[in-house]
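As structure tokens, the structure follows; a few thoughts come after it.
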Amino acid sequence: MARPKIALIGGGQIGGVLAQLAALRELGDVVMFDIVEGMPQGKMLDLAEASPVDGFDVELKGTNDYKDIEGSDMVIVTAGLPRKPGMSRDDLIEVNSKIMTQVSEGIKQYAPNSFVIIISNPLDAMVTLCQKITGFPSERVMGQAGVLDSARFETFIAWELGVSVKDVTAMTLGGHGDTMVPLVRYASVKGIPVMELLEQKYGSAAKAQEVMDAMVERTKKAGGEVVALLKTGSAFYSPASSAIAMAESILKDQKRVLPTCALLKGEYGVDNYYVGVPCVLGANGVEKIIEFKLNDEEQAMFDNSVNAVKELVGSMKM
Ligand code: TXD
């Protein structure tokens, strides 16, 4: 049986880590495409030369020709510019939508049966554009934001409570911007509500709330925190890990429940917009959008985030 073929469109910071993770986990053969001549070829040669040491056995190729992505089962897109300090994700829309248009045409032509995971920012708009141009069914075109935003929230909770990150579960919903909605009510340590543990730690509900509010704020601004430190780019390890979790769930039909930027067709009262919600990812891509009841406050925050996505998508020339 042939190994799955994974195409990475964009071989920059995130693209490089994606290639390494996909190879280490032997998810399939990897082709890295970039417009910079020599760079994807050099990175994939370098990575191939690590294979005897790490013991992974997959084919790796770097290219500047879309033809080489032919027949890919999975395409992960990071092509585009990252943020610089002081920029919002939305500031990237003009330049990155031009890039996403070219990329989507390449995918449509050479990998018409692929699953596509978009990482490029502004995420919600870039996924929308890719699905429009490729015309692929929405189960096959999705965006990565929620796995990372949730992981950031989980990281801060684990640090605060002094417990392993493995035992923390938390989720963010909505768009991949400052309006994202970290769900406090369902954040737990092995099922025990985080708010209860914070109250035990601080001895008062008010102080627990204050600490939680600070973690929620840090989660919403976590991407910017990394940008401000790096100065020359944005986060790359964690976005790559997050997209690989999604790709792996599809390629291995794991049916993991992962917050995914998926096209809503009436779910959560949203019609025809890509928004982050929990989804089952398996061999058929986005196999199920999981709906659950939000309370009034959560619904209001979710609606606010959806409105920001609508405004962003509306500002894009399509
Ligand atoms: O969680 C998330 N979704 C994100 C998204 C978290 C962090 C960063 N996120 C966004 O991913 C970021 O704002 C960017 O839009 C993308 C890629 O970030 P990365 O850090 O990998 O950027 P790089 O290192 O600049 O790499 C981008 C590559 C670079 O090598 C360019 O030459 C290439 O994209 N590029 C292209 N490739 C193919 N085709 C075209 N047209 C093209 N233009 C640029």
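Positions of Cβ are set from backbone N, Cα and C atoms, glycine also.
If you look up TrEMBL, you'll see H176 marked as active site, proton acceptor. For G10, G11, G12, Q13, I14, G15, D34, N96, I119, S120, N121, the entry in TrEMBL reads NAD(+) binding site. Per TrEMBL, the feature substrate binding site maps to R83, R89, N121, R152. The domain 'Lactate/malate dehydrogenase N-terminal' annotation in TrEMBL covers 5-143. Here TrEMBL flags 148-311 as domain 'Lactate/malate dehydrogenase C-terminal'.
Everything TrEMBL records as a feature, shown here on the structure.
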{"residue": "G10", "record": "NAD(+) binding site", "Cβ neighbours (10 Å)": "24"}
{"residue": "G12", "record": "NAD(+) binding site", "Cβ neighbours (10 Å)": "20"}
{"residue": "I14", "record": "NAD(+) binding site", "Cβ neighbours (10 Å)": "28"}
{"residue": "D34", "record": "NAD(+) binding site", "Cβ neighbours (10 Å)": "21"}
{"residue": "R83", "record": "substrate binding site", "Cβ neighbours (10 Å)": "22"}
{"residue": "R89", "record": "substrate binding site", "Cβ neighbours (10 Å)": "26"}
{"residue": "I119", "record": "NAD(+) binding site", "Cβ neighbours (10 Å)": "29"}
{"residue": "N121", "record": "NAD(+) binding site", "Cβ neighbours (10 Å)": "28"}
{"residue": "R152", "record": "substrate binding site", "Cβ neighbours (10 Å)": "26"}
{"residue": "H176", "record": "active site, proton acceptor", "Cβ neighbours (10 Å)": "30"}
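Less than 6 Å separates the Cβ from ligand 1 in the case of G10, G12, I14, drawn from the binding-site residues G10, G12, I14, R152 in sequence order. Here the binding residues for substrate are R83, R89, N121, R152. Their largest Cα to Cα distance works out to 18 Å. Separating the Cα atoms of R152 (substrate binding site) and G10 (NAD(+) binding site) is a whole-number distance of 24 Å. Looking just at the domain 'Lactate/malate dehydrogenase C-terminal' (148-311), the mean pLDDT is 97.
With helix defined as DSSP H, G or I and strand as E or B, the domain 'Lactate/malate dehydrogenase N-terminal' (5-143) counts 67 helix, 25 strand, 47 coil. Sequence-ordered, the extra residues of this chain that approach the substrate site, with Cβ no more than 8 Å from the Cβ center of R83, R89, N121, R152, are P122, L123, H176, G177, G223, G224, V227, S234, A235. For the NAD(+) site listed in the record, the two most distant Cα atoms among G10, G11, G12, Q13, I14, G15, D34, N96, I119, S120, N121 lie 17 Å apart.
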